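As written in TrEMBL, here are the features:
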| type | residues | note |
| --- | --- | --- |
| TRANSMEM | 6-29 | transmembrane segment |
| DOMAIN | 145-264 | domain 'C2' |
| DOMAIN | 276-397 | domain 'C2' |
Amino acid sequence: TEQAVAVAGGIIGGILLFVLLGITVYLLWKKFFRLFSYEKLINPVKTTNANAIFQDQANSEVHLKSTSRPRSVPFIIPPTLHGRDWIHLTNEEQVQEDRDPFMTPQSGPRSSFHSLAGAYVVGTINPDLYKFPEDKSETDFPDGSIGRLWFSIEYEQESERLLVSLIKVRKLQPPADSCSPFVKIYLLPDERSYLQSKTKRKTLNPQFDENFVFQVSSKMLLQRTLKFLVYHVDKQKKHHLLGQVIFPLKNEALTEDNKLVIWRDLEKESLEPPSEHGDIQFSLSYNDYLGRLTVVVLRARGLKLQEESPAVGVYVKVSLMNHNKFIKSKKTAALLGTPNPVYNETFSFKADQTELDTASLSLSVLQSNKGEKTLLLGRVVVGPFMYTRGRELEHWNEMISKPKELVKRWHALCHST
């Protein structure tokens, strides 16, 4: 019995020893297999001397600095992605699939990109395709331009304040070689008070970045007009007007959350004194394809109001006539309490091209008081030789000779019918 127990114990001990040896051999084999796999993975990667890489990159940088900037940038595939294809799945995930080893193409001249452990150029990226669009307001100026002004406006409802930011002016045309500009800002119809910017010395492109505040009620806001006058100060401290911008507020949605940045070309102020009954400025345009006559009533000045009070409303009535027969009329909005109203309103009339020799336009400036009769402040008629002479005839003929183009002029008002 003792002999059988000893034999059984020896057999069990041998089995345990064999199992331990097997586990040990398996662990050692697994460890060596991992090391072998790692060596196999990194073996194809071309190792490069670090000094050679840095030298290659330094030479390339020197070459780039000595030549003009390239128009394209190389697009590189790293070596870890060589020999792989991307397979698109329906859930926008991607997996890689093995394929035949990739053969590096014979590309162009070597650069610092080619020395980075086997990376290669597969194409180029054109930087011009990724530029922001150019702001053409800084470069595109019309013929005969005397300058352009940038500003921004917003309105605070609670405090009833109009915030005006004067940003900059570009391409001024001064009367002398040097220019020291500044800007006066009016809130029409009040022409007695204004706010003034600082003077910028010796520049045709002044950058102001100044803020101004006008107190105006929300009820009267849309009746107001901003006026910018750009002056030049000479060595004798005399002021020379370089141009102006007139900007009515009635067509703008002014809120605290809506800050409008606007630019306008400077206009020359008429140096002629107002006529006896005042003047009116408007544009004419005729579209021969559509058979449409367009009138843009811009502004009036020097009007002789019969009673200067906030209750006085001044508007313009535009009438189309043919052989002195009334065809159609349209009216602007009535502006209160100003002899220099700014309208900027557009009207269109149907008029066949064959009717232009017998048609005419009558623009009447009228004053209306509450409970009183409407008063005629002045009138002007433009049309062909049958009805007009002088500036009115010239305006009409220029409109016909420049189809689809707005022709702008001032005209003196008169009381004759």
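Quick reminder: no glycine exception, Cβ is built from N, Cα and C everywhere.
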Averaged pLDDT, computed only over the residues in the domain 'C2' (145-264): 85
The domain 'C2' (276-397): DSSP-derived helix, strand, coil residue counts: 11 helix, 65 strand, 46 coil
Per-state residue totals over the domain 'C2' (145-264) - DSSP helix, strand, coil: 4 helix, 69 strand, 47 coil
